[in-house]
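Below: one structure, written as structure tokens.
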Amino acid sequence: MGVFQKGEDQKGESANMKPIPLLSSYDMGKFNLSHRVVLAPLTRSRSYDNLPQSHAMEYYSQRATKGGLLIAEATGVSSDAQGMSVIPHTPGIWTKEQVEAWKPIVDAVHAKGGIFFCQIWHVGRASDMEERPISSTDKPIEKTEENYFLGFSTPRSLTVEEIPDVIKHFTLAAKNALEAGFDGVEVHAANGFLLDQFMKDGVNARADEYGGGVAGRCRFALEVVDAVAAEAGAGRTGVRLSPYSRCLDCADSDPDALAAHMARELGSRGVLYCNVVEPEMVATPAEGGSGGETMRIPHRLRAVREAFAGTLMVGGGYDREEGNWAVAGGYADLVVYGRLFLANPDLPRRFRLGAPLNGYDRATFYTADPVAGYTDYPFLDDDGDDGLAASAASASSNKSGDQDGV
């Protein structure tokens, strides 16, 4: 667990303004964070031909602050690691050209004093390519909670002999991320993608050492984490988990046990942080809903908090008020914001001032336009914006249903 510190006075903030937990400083290993508002890894589909583009320099630097943590969008570890035509143009980091393309983007974040981690992923069976994608299983995705796409290819089950090659791809991606200048690497083991497909028993029915009980199902993900940590250092390695998610037809029958196992294993390895997606459930009328809508299970991650000694990040629908609660109560060290940060490049400043938030434009989440819905969200007007201070309610009212990344 990192060190909680009393927040320093923020620029332009009145000395007698009530302290804001989200804006207190925090030591995450060797990294000194000036606040606890983290940019989620958000797929934006603007890396044409899997190559990061110059417009990403502006996008990320807009959201960078001195001592603020940004996590880059999911970045492929190999040519077959990404394959969703419905979400095209995702970046990679397996070639020299891609590494060179990332360098000026990373430099732009560092020029603002930001801390930048690269999220590395493999989509597994979440692919619609002609060549059969790899997974823990040969069963295709049959339904998605999102209902945005159902044309996934039928996967083939990865053989035990092939697993070391996939691990090598993650290792190379970690090496390349550091060469590009990133401060660290986040292993994407969440949201129904390859590593999650191994971890959850709703998908993984293998009878070998990579299946069966929770320890076997988590073996592959932990071998990837071990390899990445050996390359980058445990103090520069984070992991993203979503044990409670049903995303992409990938669910587990005992998510509490899965969450606790991964928290213990990652803690024993000394990885820098866990970035965990908040649990959700489908409400029934007896639970107070009209039936069928998704509702967050409040604060179910306490078991992860207790089992993992490193930095715990949480995300999935948090607003300003809830984020402050999570930090002040020790429920989490950092709070990850996706759609709120997407639409408000100056989100930490707006939180400080209690300022109104921009709404997001869902239609532009995954379009290829280098400006619209990407770098054109407005900042607060510098003329007189301090007059907006202390209206926390205005910020809290901008509930977004934020799911903090893909």
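For all residues, glycine too, the Cβ spot is worked out from N, Cα and C.
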To which of R240, R246, R264, R269 does Swiss-Prot also attribute binding of FMN at the site defined by P41, L42, T43, A74, Q119, G317, G338, R339?
R240
CA-CA, which of the binding-site residues T43, G317, R339 lies nearest A189 (substrate binding site)?
T43
If you measure from the C-alpha of H188 (substrate binding site), which of the binding-site residues T43, G317, R339 fall inside 10 Å?
none
Measuring Cα to Cα, how many Å separate P41 (FMN binding site) from A190 (substrate binding site)?
12
